[in-house]
Amino acid sequence: MDTQYFSDMSEVLNSDLPSKSFLRTPERSLMVKLKFGEPNKLKLAYILATQCDSRNLVEHSLGDAEHEIALLVTPPPESSESRQSLKRGAEGFGLLDYGFTKKRIVADDDDEQADNKADTAPAIKVNVPKAKFSKTKVPKVKVKVKSKAIKIAPADRNLTLDKPEPFGQPPIWSDKRQALCEALPYYRAYQAGAYSTNNIVYGLLCDKGVYARDHIDDHVVICSVGGGKKADDETGEMSLGGGHKVDHNIATYFRRSMDGQQAVAIIIGQGNTNCPVKLDHCYNVMDMFHVTDVWYDRYEKKCWMVRLEKIDLDVRSWWSPKSQPTAQQDPTIRAVVQTCDTCNQPSKQIYSQGWTCTNPHCKDHFNFGIGFDHKTLEYSQAFLQERHPFQATVPNLVPALPWNLPAQSAVIKKGMVCPVCRCCSRRLHWNFWQCENPECDFKQDAVQQILTVSAASTSVKTISEVMAGGIISVQFSLGAHRPRNTLYLIPDEARKTVGFVAVLKSSSAVNARAGGPDDLFAQLQMAEIQMKRNPARQRGAPGETVTSHFGRNYGATYKFGVPQESTSFSDAPDVMLEILARTSWASQQAIAYATQTVDENDFKAWTPPNELLCLGYGTNCKIGYHDDGEKTLGPTVTSLSLGCPASMSFRPKAKTSMGSSKNQTGTKPDCLKFTLEHGDIMVMHGPKIQQLYEHSVTPFGPLRFALTSRTILFDMIGVNDGRDIAIKNGQIPRRAERFQYDGQ
């Protein structure tokens, strides 16, 4: 491979690279030069880049003859599932090339060296193949395009920096949307602006995508609701796409909130250009409001609008500009209400230009007169200044603290509003809450309540098992203590067996033995295993999402899609070494049996595991479809289940020819699904399983631990990528000899 270096993006865009060129940077990033023949692929490529766990499309440029695009995406998808999604999307859009780079693992003693290097902007390194690639011929399309590069503003840009200082500070704030949703009971909308449940709105986020007639003052918020906004490709400004339907559900939900006197909490974000003051945080809770008006508006398109009024009018609003006097109120002001001659329905005069019927079903709806320009409408002062008393009970803006709830309860992921600084904080640690504000050191331990196995296995959900797609099952026994085991033979696209999944069923006798699964389950709840939830998407960004489950890695370092902190086996608690002995026995027995049973197999010989990943699941926690196909992993994955039952599902990857046709989500149905109960051990063997299939696990109960061992291939880890640390952490200490296991 020859190497070319470029000092900036412009040189890359102007270079004459082959169509298949991966551009690598020392940071965790993806940079690709793509070529394709249709002009509308530019928009598709933008969607592709922004929807695959990436924070920012930095720059793109169009050429004249062939349409080219260079993407720099930071960070690339963390999980193999997301990487496959990007790959499928690229292929579906006709893109010729795409690629990923990995961030260098910096050892503890290399931190200073890494910091020194960070001060110098590195050159962009491009690996150019020596062999000539045959360029795909694409038809030339005559189309007017802009040759000037278009720079897209980061999604987390603060658009309120030029606004005046606020009168006060928000009572609750957050710099992570997920933290907002996990800490506040009245706002759990991870994507939508309005949060509703049981067809009633409880919370509303006013952030990016400000509509032309949105309005914010000290006491009143008016905004469009119902979504449908799209960003302009060049300016980034939001506008309605196809307009809102008359029967949009969101209008009904807001009306129910209005008719039922339901308080609605409003949150304002730094992306809201209508905000009257400068915001220091990404998301800021304003106060409790109530809905006073819902109507069908018309600008360029038709859309639903709502007017909300602050409930507590006696206290000056914190978002009031500090330099301005307190807003005066006149409780006698009322907007004019007239009855429509056509539909006989009353409508309030909303606009200063005059009255119009706001009944969307009336043929005179929004009829101000011939030739009237709807874009010139302004709200009447009476409509803005009228006030409506709120008669219902006002819920607490700051929710109760969840201190007295056990660690493994249904609210294991419930966040908190820090009692010191009012920062919304997710519960990232298994045993305690900690404020996510880096300037606050508040921490609160969780109450530890030890669950018995029976208490953790109270779910009555029936799990329907599946076996299809040419998978063959074989029943086998491993002595008197494990007589009920199943070996599933997994085929490739040619129906050749390329691996197996074995389920070693436990029994009440095995579970109840001293040091057995019952004891291990109790020990894990008492041990200091320091499990935590780790970022899965958009690390460090306002849209950062952490995993549903809690995890901790022991032994050799394993980059399990979501990077995990790793503790050496020498420093691991004894319970981890006991579990490692069990999974080692299970994988060795399963591979030996399968090798003897399956004719003409290519099964790899057993190798002892040197890594153990501990995952903790509470109620409604699960792990989505993924594979364990990292190049540093051996062919065997072994997992011990402790606690509540769970279903494990396998399905062919979308890129394969196996399984039925793709559904609307681009995925294929499960070909294998079985139940894992307390004490069961699952063994998956064969690297091609990871290449062709993906799997998921869904627990059914309040508490489950999954202890999964693997063999890390040290030869596949670069010297500068932490090989020595991985080898050291993966060494089994001598005290582990006390925990040898024989299957009983």
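Using the three backbone atoms N, Cα and C, a Cβ is placed for every residue, glycine included.
Just so you know, TrEMBL annotations are computer predictions that nobody has curated.
Residues annotated as domain 'Alpha-ketoglutarate-dependent dioxygenase AlkB-like' in TrEMBL: 548-700. Summarising the annotation, TrEMBL assigns 2-oxoglutarate binding site to HIS626, HIS695.
Regional average pLDDT for the domain 'Alpha-ketoglutarate-dependent dioxygenase AlkB-like' (548-700) in the model is 91. The Cβ neighbour count for HIS626 (2-oxoglutarate binding site), using a 10 Å radius over every protein chain in view, is 20. DSSP assigns HIS626 (2-oxoglutarate binding site) to a strand. A strand conformation is recorded for HIS695 (2-oxoglutarate binding site) in the three-state DSSP classification. Note: HIS695 (2-oxoglutarate binding site) has non-local neighbours TYR625, HIS626, ASP627, MET648, SER649, PHE650, ARG651, MET684, i.e. same-chain residues 6+ apart with C-beta under 8 A of its own C-beta.
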